[in-house]
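Colleague: Please read through the structure below; I'll follow up with questions.
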Amino acid sequence: MKKISLPKIGIRPVIDGRRMGVRESLEEQTMNMAKATAVLITEKIRHACGAQVECVIADTCIAGMAESAACEEKFSSQNVGVTITVTPCWCYGSETIDMDPMRPKAIWGFNGTERPGAVYLAAALAAHSQKGIPAFSIYGHDVQDADDTSIPADVEEKLLRFARAGLAVASMKGKSYLSVGGVSMGIAGSIVDHNFFESWLGMKVQAVDMTELRRRIDQKIYDEAELEMALAWADKNFRYGEDQNASQYKRNEAQNRAVLKESLLMAMCIRDMMQGNKTLAGKGLVEESLGYNAIAAGFQGQRHWTDQYPNGDTAEALLNSSFDWNGVREPFVVATENDSLNGVAMLFGHQLTGTAQIFADVRTYWSPEAVERVTGQALSGLAEHGIIHLINSGSAALDGACKQRDSEGKPTMKPHWEISQQEADACLAATEWCPAIHEYFRGGGYSSRFLTEGGVPFTMTRVNIIKGLGPVLQIAEGWSVELPKAMHDQLDARTNSTWPTTWFAPRLTGKGPFTDVYSVMANWGANHGVLTIGHVGADFITLAAMLRIPVCMHNVEEAKIYRPSAWAAHGMDIEGQDYRACQNYGPLYKR
């Protein structure tokens, strides 16, 4: 089957069409703006898979309807999913704009005095607003000379933020969410909403019963040679933690081996269901070899699977990580308990950063007073106002141990194309695999256990669906926190010390849901959240605006908020604008 091509970014140089000297004097400058934009994007941004982003520039500058149509024909034939229009001069507004209503679009009007690039920008944006096709405005803060070919820092920031978010939109379109199983323990996020995926994300939902996973394992619908490789890799790299089960529930060596084997098979089969595996075609299993074109998935697990079979913790943890027995590779997005809405937040984070995501329960708010009462020690530093315990039964990406290092030697989670094998090994070495607690998981399994290093910037997100309103996005930037060992051990043991832990301190603003740490916990809309490396809330806000998903809670500095220009016409309060604009325009892929 032919591999689906990656979306490209189209660059549209627009120009004043008057000949006899006007257009001729602008051709080179205009096309150079387009070329400089393309160079910036290809040098600074990659697709989530690690591939270099390809930019397609119109064959000629665009002065009117004919050249605009020729540009659109070229873009349509080359899978352009995002467009950036650039100009240093006046052009004819509605005659030159990109009219595709589904495609994220921005306009960069050069801030110069010789020609009125800003005037075109304003005219074109007015046309976009009047026609109901929102566009992003890019206009430099400082005047540049006409022969200045540099891209100012503020313009670069907006170009790259727009490009990252736009590529995320284009990359999700046409893909599927693979729902393996149904609703887990009444969790609302696992009531998979087809309309949300179709109307807001342009995706389909592929619903598959968990018996399909059972069939693939039992009938050996997998690469048997790869299974042996995976087992050998686990034997070399897995450190096993304490078995806290009562003696009557402990498994013997042979039983533990069977649990490990099935856990690895679950990872292989879920992966094959998502993306396909040509090896299966060689076994005569052509249908199964195709997969479901899934860019994200969820596994119900509890309880209809886990009451008799190994849980999904090992499979999910390995799939969500940036490495496995095949080496370093792009992480998958697999939501525990089939929480599709947390899966979407994971998908957003991965598409924006190329990194693995930490899926977690937003489990406990620990006030400074409660910590001191329980441990006899006081919280300090980033944790001084209290902390949130982010912990799940072991499905978080192993990258979350933060044993990778940035250019300054600080702990982080890197895009997978920057991760060395040594860093992958360090994450594995920091992880213990603990036998699943029988009371929760009667079928057994292994939960990964690690502790996230402290002082690492993170952005916590969550998508929720509100009846009568639709989807909303929550964002909380903050940091992981490293507690004194004795304090950590006492607090961790009160929940479950066989699961991975991140102690999280959100950045407080003193207002609304960020008045204090308790308020962040109290305003969180569901039991799950996602951690994405870095303070990247501004990118999430831009992406949400493209999809028409309002942001109901965030602590991002106002100067970093970047939404389409038409949002400004929807009132004077910036967050109210977001709600009114999203309601006015409706989901990107209206149904």
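Using the three backbone atoms N, Cα and C, a Cβ is placed for every residue, glycine included.
Worth saying up front: this structure is predicted, and the values here are computed from it rather than measured.
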Colleague: Looking at Swiss-Prot, E337, D361 are annotated for Mn(2+). Which of H194, H488, H528, H535 sits in that same site?
Modeller: H528
Colleague: List the same-chain residues at least 6 positions away in sequence whose Cβ sits under 8 Å from the Cβ of E337 (active site, proton acceptor), in sequence order, or say none.
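Modeller: Long-range Cβ contacts: S184, M185, I187, G189, S190, G298, F299, Q300, G301, Q302, H528.
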Colleague: Quick check: with E337, D361, H528 left out, which same-chain residues have Cβ atoms within 8 Å of the centroid of the Mn(2+) site Cβ atoms?
Modeller: I187, G189, T336, D339, N342, F359, A360, N392, A526, N527
Colleague: Would you count the other C-beta atoms found within 10 angstroms of the C-beta of H528 (Mn(2+) binding site) for me?
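Modeller: 25, counting other Cβ atoms within 10 Å of H528 (Mn(2+) binding site).
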Colleague: Would you count the other C-beta atoms found within 10 angstroms of the C-beta of D361 (active site, proton acceptor) for me?
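Modeller: Taking every protein chain into account, the count is 18.
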